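The following block contains the structure, expressed as structure tokens.
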Amino acid sequence: MSDFKAILAKLADGKSLSRDEAVAAFDHLMSGEATPSQIGGALMAMRVRGETVDEITGAVSTMRAKMLRVTAPDDAVDVVGTGGDGSGSVNVSTCAAFIVAGAGVPVAKHGNRAMSSKSGAADVLASLGVNIELTPEQVGACIAKAGIGFMFAPAHHPAIRHVGPTRKELGTRTIFNLLGPLSNPAGVKRQMIGVFAKHWVEPVAQVLKNLGATAAWVVHGSDGLDEITLTGPTYVTELANGVTRSFTVTPEDGGLATVANADLRGGDATANAAALAAVLNGVKNDYRDVALLNAGAALVVAGKAHDLKEGVALGIKSLDSGAAADKLAQLVAVSRA
């Protein structure tokens, strides 16, 4: 791409790319034709200046154009965190996904192996017996039959492999940490996204609005968690009816208590899988409560609950009735069929 030098020169001068320039730039970066120097230079220039809403919107458009799609119902939701919050916590959004599915909302969960924690969504689900190496058609069948399916990011975003080695060598967060959660292969229009820093809450909601999302909550816990936290307030930007608004929520808004020193420490995939299964099977602890808060918000985004308190109440019903645990059993069975 001869124009790429012009794009790099623009980035080197500290200038921002337009949405169309970002589409073209990321098309080149993910084409297999970009050199490691070009990839590293572009990613670091954006990172140092701070990526803009237009750049992220353009990059996501390119990611979505190149991804292998999954068929899912129009009302499907995703509950996902960017990761990279450095907390090494249990898998909150993965647990919340089963609670949401148990409440009757189809879930198209997008995720990957661990980035900064010891165990990502893919690691935990594999440890629970879910077959994560599925074709897009098989994932679609999981969503249709079990009400929940897991899309393993590398299988649906093959173009990402071209930037993988450079990202690893850079060893720092780049725009790609934000692109994954925004590039759900099932094209869900309703999302609950946790981000690793407060300053990303509003811009990510704006990107979702630009790309035609119906409803979303983008959240960041005041303790640094890329989820709604149990330890204090959480910053939220909500997208509803084409309008974004920002506010904070506390556990009390969901009918739960703030726990100053919530024990959400995670271990390896086996330990985190056991902790997740325990919550689905009725154990009451901090992990259950934080999963309920996040599931409650996802149920608001799904249009199933009017507010966080009602969402949490529906989540409790999903757990206590055994419906959430049934969803895990069904996903294991269908994914291995």
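All positions are counted from 1 along the displayed chain.
Backbone N, Cα and C atoms are what each Cβ position is placed from, and that goes for glycine too.
Given the structure is predicted, the values throughout are model-derived calculations rather than measurements.
Sequence annotations record features per position, and here Swiss-Prot assigns 5-phospho-alpha-D-ribose 1-diphosphate binding site to GLY81, 84-85, SER89, 91-94, 109-117, ALA121 based on sequence analysis. Per Swiss-Prot, the feature anthranilate 1 binding site maps to GLY81, ASN112; the stated evidence is sequence analysis. Look at Swiss-Prot and you will find SER93, GLU227 tagged as Mg(2+) 1 binding site. If you look up Swiss-Prot, you'll see ARG167 marked as anthranilate 2 binding site. Per Swiss-Prot, Mg(2+) 2 binding site is recorded for ASP226, GLU227.
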Using a 10 Å cut-off between Cα atoms, which of these binding-site residues sit near GLY81 (5-phospho-alpha-D-ribose 1-diphosphate binding site): ARG167, ASP226, GLU227?
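So the list reads ASP226, GLU227.
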Of all the binding-site residues given, SER89, SER93, ASN112, which residue's CB has the most CB neighbours within 10 A?
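Going through SER89, SER93, ASN112 one by one, the largest Cβ count within 10 Å is at SER93.
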Using all protein chains shown, find which of the binding-site residues HIS110, ARG113, ARG167 scores highest when you count other CB atoms within 10 A of its CB.
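Counting Cβ neighbours within 10 Å, the top one is HIS110.
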Expressed to the nearest Å, what is the distance separating SER89 (5-phospho-alpha-D-ribose 1-diphosphate binding site) and ASN112 (anthranilate 1 binding site) at their Cα atoms?
15
Under a criterion of Cβ-Cβ distance under 8 Å and sequence separation of at least 6, what residues of the same chain contact ASP226 (Mg(2+) 2 binding site)?
GLY81, THR82, GLY83, GLY84, ASP85, SER87, GLY194, VAL195, PHE196, VAL219, HIS220
Cα-Cα, whole number of Å: ARG113 (5-phospho-alpha-D-ribose 1-diphosphate binding site) versus ARG167 (anthranilate 2 binding site)?
15
Nearest to SER93 (5-phospho-alpha-D-ribose 1-diphosphate binding site) in three-dimensional space, by Cα, is which of the binding-site residues ASN112, ARG167, GLU227?
GLU227
Counting only residues 6+ away in sequence within the same chain, which have a CB under 8 Å from the CB of GLU227 (Mg(2+) 1 binding site)?
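Those within reach of GLU227 (Mg(2+) 1 binding site), by Cβ under 8 Å and sequence separation of 6 or more, are GLY81, SER89, VAL92, SER93, GLY194, VAL219, GLY221, THR234, VAL290, LEU293, ASN294.
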Could you state the whole-number distance in Å separating the C-alpha atoms of HIS110 (5-phospho-alpha-D-ribose 1-diphosphate binding site) and the residue listed as 'anthranilate 2 binding site'?
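If we compare the Cα positions of HIS110 (5-phospho-alpha-D-ribose 1-diphosphate binding site) and the residue listed as 'anthranilate 2 binding site', the gap is 20 Å.
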Report, in whole Å, the straight Cα-to-Cα distance of the residue listed as 'anthranilate 2 binding site' from ASN112 (anthranilate 1 binding site).
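With distance taken Cα to Cα, the residue listed as 'anthranilate 2 binding site' is 15 Å from ASN112 (anthranilate 1 binding site).
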Counting across all protein chains present, how many other Cβ atoms fall within 10 Å of the Cβ of GLY81 (5-phospho-alpha-D-ribose 1-diphosphate binding site)?
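Counting Cβ neighbours of GLY81 (5-phospho-alpha-D-ribose 1-diphosphate binding site) within 10 Å gives 30.
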